[in-house]
Structures are given as structure tokens and as C-alpha cells.
Amino acid sequence: MANKRKKVSVIGAGFTGATTAFLTAQKELADVVLVDIPQLENPTKGKALDMLEASPVQGFDANITGTSNYEDTAGSDVVVITAGIARKPGMSRDDLVSTNEKIMRSVTREIVKYSPEAIIVVLTNPVDAMTYAVYKESGLPKEKVIGQSGILDTARFRTFVAQELNLSVKDVTGFVLGGHGDDMVPLVRYSYAGGIPLETLIPKERIDAIVERTRKGGGEIVNLLGNGSAYYAPAASLVEMVEAILKDQRRVMPTIAYLEGEYGYEGIYLGVPTIVGGNGLEQIIELELTEEERSQLDRSVESVKNVMKVLS
């Protein structure tokens, strides 16, 4: 019997959603359904058709459709949520909470109605709280609802380190813990260039500057763009997670996972090292933290909890 083609639905056809859809199709991970609200159905269909017409040129075989009808998403293996209002200059992530929570709850009801077996990956900001809202609304096990921020934050950290050392980014590894915000915790002790600890290659003050730039990475792009926020790197980070799930790769990657006692926290979604595979979240990896790292993580958790207080 022939293998059934995989199906990924991307909710939200803005810059991030559309880029996620295109990269997913380009890598031939699955057929893609791009979804947006009825008022934007034609532009969504137009983007999907434009991507599809790129397939003969790029040489990929994946069907891409645009729609506002959730029935078209039925039977999805993975659903990615990028829908929501965007952050504007000067706007804190917390300002987004109430509006985006309503969007998350409404979208989630449609997802579980048509794809009850799907694994859901959330990107919408503030992502720790929005992933929690999706989890609560969905009724799915925690393994099937995960958020994306750590891959993006780690990618930014790796980029800045590679620039500092004038090395290939391929040789730089790192890990970022905590919430997706100014209190994220880049774990410098677990960061390497070609297997060599960063602390032996870069002076402390330069590492501190890189950590600070990583924390402000999203805001830096928001300010440069003047209108809108980052989308290429967030989309690429999402697709790395989608690939790990669809191919059951069991990749070690930082994701936003629901904690039930891990790291000493309970009932909260937080960025931690995890193993991602065919079941979604396969395992949470607990690292030994120094006192300073622990206190930074506590601060990060408090920030996430403060955002979660706004949730209904």
C-alpha cells in the first residue's frame, strides 16, 4: 500500500505563516493548507497559488492550497499556529495577550474538530502564554501541544557568536532557556564553537553583549522594519520542528513545553531542552543549573506567570 502523503496546516497567512508554508513545501515535508480569515481568503489563495507555481522552478513536489474553511485542514498531521495581531514598535508582548488569546481559543476549536490527532505547534506571541491557552482549549495531551521560541532565540545567539568569531554558524551550538522575552536565559556554559566552550574563545564582556543582543533580538528587527516583525527566522525555526515531528527524528531542541515539576515548576509552559519526534514532545531534558542560572530562570518564569495572569 502506498504511503499516505503527510499534511500540514498553517493557520495565519501573514509573512510568517506564508513563509512557513513555502519552506515546508519546498522541503517536500508535506502537502500544505494555508488558512486565514474569510476577509482574507482571496489573498490567501493567491499566495498559495503563487507558491505552487514556484514548484516546477524549484523542483519540489507538494500541493499548496489557500482557504478560510477549516474543513480543508481535516486530517492534518501537524498544525502550525502563526495567527494573531503583530507586535508594533513600543508595544510589549503583554499588550498582545487578550486579543491573541481569543484568536487562539477560536482557532484551536476548529483544529481539534477537524484534526483531533494532530500535533499543534504554536508561534503566536506572547508564545508561552498562547501555547498554554491552546493546550487548555484543545484538551489534547501536553505532548501534542508545543511552542516555538527557543530554536529562534538559539539561532539568533548562534548568529551573533558566529559573527563575533568570524566562523561558520554550523560550528556554533547553544541553548536558550526560559520565556520568549527579555528574561530569556542563554546558557553560555552549554554553548560551543567547534566543540570548544565559548567562554574560552570570547571575553566575558563580549559574551554578555551577545546575550543582551539575543534577548532584544526580536525588538531589534521590529525597530529596523518599522512595521511588522521578524518572519524568515521564525518560519525556518517552525519548519525545523515540523520536520522533526513528521520524520520522527528525535531531535534535541529547545521548545516551549508544559512542565509538571521539571526544573521545579508546575503547570506552566516554558522554553526548555526537549526531544522532539513523531509523538511531538518526546522528552524534557533537565540540565543542572548554577545558582545564577537558576535565579535568571526564576525571573523568566515570573515574567511568563505575569503574562498568564491576563489569560481568561
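Numbering starts at 1 and runs along the chain as it is shown here.
Cβ from N, Cα, C; glycine included.
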Among Asn63, Asn69, Asn100, Swiss-Prot assigns to the NAD(+) site of Gly12, Ala13, Gly14, Phe15, Thr16, Gly17, Asp36, Leu123, Thr124, Asn125 just Asn100
Here the binding-site residues are Gly12, Gly14, Leu123, Asn125, Arg156, and the Cα closest to that of Ser149 (phosphoserine) is found at Leu123
Rounding to whole Å, the Cα atoms of Arg156 (substrate binding site) and His180 (active site, proton acceptor) are apart by 12
As a whole number of Å, the Cα atom of His180 (active site, proton acceptor) is distant from the Cα atom of Leu123 (NAD(+) binding site) by 10
Its Cβ having more other Cβ atoms within 10 Å than any other among the binding-site residues Gly12, Gly14, the winner is Gly12
Counting across all protein chains, other CB atoms within 10 angstroms of the CB of Thr16 (NAD(+) binding site) number 27
